[in-house]
Structures are given as structure tokens and as C-alpha cells.
Amino acid sequence: MSFVEYGDTIKDGDTAIVFLGHESMFPVKVQHGSKTQTKYGVIRHSTDLIGKRYGSKVTCSKGGWVFILHPTPELWTMNLPHRTQILYSTDISLITMMLELKPGSIVCESGTGSGSLSHAIIRTVAPTGHLYTVEFHQQRAEKAKEEFQEHKVEHLVTVKNQDVCKNGFGVSNVADAVFLDIPSPWEAIGHAKSALKIEGGRICSFSPCIEQVQRTCLAMEEHGFTEMNTLEILLRVYNVRTISLQIPDLGKAQGTAQFKSGVPLKEMVGHTGYLTFATKSLF
């Protein structure tokens, strides 16, 4: 099992996603002899998981059933253990596009946090690209490195435990793109510029407060970045359902008519953060 290469069968040591429903799923590390408890009963790894195909419908000890899914960055974002606040797929998708990431890209990231964006970047730049990710907190850095090894993507990522604002990313003139998710990104703009390739590159800073955005934009301007723009992504989900309405009395046959209608959900995810993008100038 690898987060960047699909495997057909579940193996000992794999990370799999136990799917009980769209609102209920969780990751599990498959181990010979282990058991996992669900509301539908026990799943025995040796007999119920190992050797089965991903996507299989597994019957639990109480007669209920679950699906066992192959992990993806999107599923991992929804189920990972939170060590910090994380980025979700709505913001990640825009970051991937605006930074122009593709297979072979070299990316610098700070901070690693819970690894949500890191896994998405790794999948995007594989098989020939690389991610250099910096985490200030030692335990979070060690845990991220451990997860990358478990997910068999350690050859695509280098984890550094240091202060990016003081020590930078540890590389110079190699990155196609830089991503910053730290409390004071303006202090790391100079190091980001040094990490980007001489011929230019893209940078993105994620900040929850507009005051952070203002200071970051000033720092970008001082270091010669161009094409600066700040975006906020608000995802609005619509519920499509069948509605029946009475046909008005116009002197003809009466009755009801059915049609599909989309209405927004009463609750939605609001502000997550501001995404500020810029380009390293060639001149």
C-alpha cells in the first residue's frame, strides 16, 4: 500500500480506511492478529482484511458490514489524527492549481502540521518530484516523518525540524513553489525567495487573519514578488431533491407536478483562511 500507488489487496502493515458511511469512517493500521471494534462488531485483521481486495464489503461479528477503502490524500484529510488545524480539500485543490504543481515539481512547505496538505502535494509531484517540509515543533515533525514512512512516501519527502523564519528551508534555488502556513509568514518571505529557482516560481501563504495578509503582502512587495492576489474560498453545498407542487387551476386538468430543485444547506463551512499568491520576479 502506498498513498501514491494503488494496490489491489490489503497487506499486513497497510493503512486502510474503514467506511461505515459518508459521515462515519476512520483509518486503521492492518496488523496480523489485531482486531478493530466498530458499532457493527469486531473486524479481525487476519481473517477479515489481510488478502482481501480494497473496496471489499466486510461483515463484522454482529452481522453488520463495512467497506475497506484504499487510502487517498482526500480520505486521509477527512480521517487523519489532528495535531493542528488542517487544510481541507476545498483550499488544497486551489493551492495545487495556483502553484502550478505537477509530477516532477519541487515544493517547499512550512509548517507540516498534521500532514493534510503534505500528502496531497506528494501525490501531485510523484513520482519524480520532491517535497521539503519544515515543522517547528519537534514531536509533530517526528510524527509526520513516521506517517510518511508508514504510507510508503518517505522517498518523496524530506522533513526538517527547524524554525523556517530563522533557518529557512535548508535548500536554495531548487523549488518550483513554496507554501507557508505559519503564524508570521512575512518573516519567512526572504527564505522562501531564496528557496525558489532563480528563473522564478510561485508562493502561497495561508493566514486566518487579514492583518497577517497585509504584513505578508508588504514583505512580498519588498522582496520583489509580483502578481500578488488574495483569495477566500467558501464552499456552498446544495441539496438536490424532488419537490411536488400543485398545478394551478387554469380551467384544465389539475394535479401535482414533480421536479428537481436545489436548495443550499442551512449550515455551511464559513471562513477558513485567506490564500495569498505571488510570483517570484525574474528581474
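Every residue, even glycine, has its Cβ placed from backbone N, Cα and C.
These come from TrEMBL:
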- S114, G115, S116, L117, E135, D181: S-adenosyl-L-methionine binding site (BINDING)
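Among the residues S114, G115, S116, L117, E135, D181 said to bind S-adenosyl-L-methionine, no two Cα atoms are farther apart than 13 Å. Neighbour counts of Cβ atoms within 10 Å were compared for the binding-site residues E135, D181, and the top value is held by E135. Compute the center of the Cβ atoms of S114, G115, S116, L117, E135, D181, which mark the site for S-adenosyl-L-methionine; besides them, the chain residues with Cβ within 8 Å of that center are T84, I86, L87, E109, G111, T112, G113, S118, T133, A144. Cβ contacts within 10 Å of L117 (S-adenosyl-L-methionine binding site), excluding its own Cβ and spanning all protein chains shown: 26. Every protein chain considered, the tally of other Cβ atoms within 10 Å of the Cβ of G115 (S-adenosyl-L-methionine binding site) stands at 30.
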